[in-house]
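Visitor: Take a look at the following structure, please.
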Amino acid sequence: MAGAGERKGKKDDNGIGTAIDFVLSNARLVLGVGGAAMLGIATLAVKRMYDRAISAPTSPTRLSHSGKRSWEEPNWMGSPRLLNRDMKTGLSRSLQTLPTDSSTFDTDTFCPPRPKPVARKGQVDLKKSRLRMSLQEKLLTYYRNRAAIPAGEQARAKQAAVDICAELRSFLRAKLPDMPLRDMYLSGSLYDDLQVVTADHIQLIVPLVLEQNLWSCIPGEDTIMNVPGFFLVRRENPEYFPRGSSYWDRCVVGGYLSPKTVADTFEKVVAGSINWPAIGSLLDYVIRPAPPPEALTLEVQYERDKHLFIDFLPSVTLGDTVLVAKPHRLAQYDNLWRLSLRPAETARLRALDQADSGCRSLCLKILKAICKSTPALGHLTASQLTNVILHLAQEEADWSPDMLADRFLQALRGLISYLEAGVLPSALNPKVNLFAELTPEEIDELGYTLYCSLSEPEVLLQT
């Protein structure tokens with residue numbers, strides 16, 4: 001009897017398996033690539049639930065060698081957005097089968113399949129071209145309607161930043177004439193015409209003057225902390241030049257120039273000593289220091305519904321190394337200065353586009369707008385997206401405007417691959433992992449969100 005029951009269960013299971021195979025084999029014809037992918041995932045989930053229901057109650061759940069549940073046996077009690085290592089392996093295999101050519105994605109609404117005659121090669125190429133142009137047109141429409149900032153808004157925001165920079169420069173020279181500073185200057189995506197959606201932030205770089213014989217920079221990877229992309233600024237020759245020989249000795253902590261202490265020094269000036277309401281009235285702006293934790297940020301209301309945030313960013317230059325006081329996400333690294341790569345990255349991107357009238361910057365701005373408008377992608381930074389484009393530019397030579405859709409899809413696929421590996425090397429300094437400050441959970445959520453949209457990228461344009 002037991003044997004008969006076992007055979008019966010096996011027969012039933014084979015029947016369900018046959019039905020599932022039939023549904024999946026015909027799903028793509030009816031639903032297209034995106035629909036087939038989603039149906040496959042849902043069908044697999046139902047089959048797993050059925051398998052568990054008919055299995056013995058005491059049978060243990062199969063675990064992977066690492067002790068975690070595998071992609072084949074998902075943890076139903078966990079978050080669907082957190083992918084363990086085995087699930088990432090399955091994700092990698094799945095990526096190999098997904099299409100990357102924009103012509104693969106049918107943007108038309110669903111209609112019943114009809115018998116079609118065998119098309120000639122020219123007709124097939126024409127259809128692919130039309131589908132590619134459909135995605136291309138949607139990307140361009142998204143850029144015009146959602147990503148691009150009106151020229152007038154950009155000009156007014158830049159003028160507000162210039163006015164405040166001039167006032168701050170005059171105040172520091174008058175009140176702190178002994179503070180060794182070079183001329184402040186504006187930087188950031190708004191200044192470089194790479195900002196999207198709204199003109200709402202810019203950086204004010206404040207260069208400190210350091211004596212070259214009293215200070216040196218030590219790469220983070222050469223320290224016990226082993227943090228590439230960050231530096232320690234060490235005070236040198238204290239036996240010959242005692243404390244007080246440099247103005248910035250007051251900001252030394254444990255023998256190193258502390259970016260946190262430097263930032264605190266400027267915070268007292270920016271937030272505590274300057275009468276911003278009076279300056280705002282003079283300039284016809286509403287100016288106030290941003291609340292914590294944005295200690296070195298000014299919020300400027302330059303129109304009724306327009307706000308600009310100005311980040312006050314101290315900077316030091318030693319030799320060819322430019323560092324900024326932008327802290328690491330982890331508090332234990334608050335004594336480290338961040339290596340400034342953004343100016344060089346932007347210059348390379350601009351040079352590449354100027355050389356061939358390419359669409360690299362346009363593709364980057366569309367990606368930035370998507371991430372800015374999609375909360376689940378909010379952890380991706382402009383620097384990370386810029387480096388994805390720079391890496392892709394090394395692989396692909398043709399960046400003519402009509403290739404925008406193809407390059408956009410390749411950038412999405414490349415970004416998912418970097419997230420899967422947990423490593424995005426800097427295009428200018430490969431030792432620097434631009435994902436190093438993301439947590440595993442953040443990386444998994446980003447990868448999950450992008451992977452789910454890869455079969456139907458138009459979804460990203462609807463946020």
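Positions of Cβ are set from backbone N, Cα and C atoms, glycine also.
These numbers come from a predicted model, not from an experiment.
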Visitor: Among Ser59, Ser258, which is the one flagged in Swiss-Prot as phosphoserine?
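Guide: Swiss-Prot annotates phosphoserine at Ser59; the rest carry no such entry.
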Visitor: Can you dig through Swiss-Prot and tell me which residue of Ser94, Ser134, Ser357 is labelled phosphoserine?
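Guide: Per Swiss-Prot, phosphoserine applies to Ser94.
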Visitor: Have a look through Lys158, Lys368 and flag the one Swiss-Prot assigns to the ADP site that Ser187, Ser189, His201, Ser340, Arg342 belong to.
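Guide: Matched candidate out of Lys158, Lys368, per Swiss-Prot for ADP with Ser187, Ser189, His201, Ser340, Arg342: Lys368.
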Visitor: According to Swiss-Prot, which residue among Ser55, Ser315, Ser361, Ser453 is annotated as phosphoserine?
Guide: Ser55
Visitor: Quick test of your reading of Swiss-Prot: among 9-17, 234-242, where does it put region 'Important for interaction with DNM1L'?
Guide: 234-242
Visitor: So what's the mean pLDDT when you look at the region 'Dimerization' (49-195)?
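Guide: A mean pLDDT of 67 is what the model gives the region 'Dimerization' (49-195).
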Visitor: Within the region 'Important for interaction with DNM1L' (160-169), how many residues are helix, strand or coil going by DSSP?
Guide: 10 helix, 0 strand, 0 coil
Visitor: What else in the chain is close to the region 'Important for interaction with DNM1L' (234-242), if you only count residues 6 or more beyond its ends and a Cβ gap under 8 Å?
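Guide: Here the qualifying positions are 213-218, 249, 252, 255-257.
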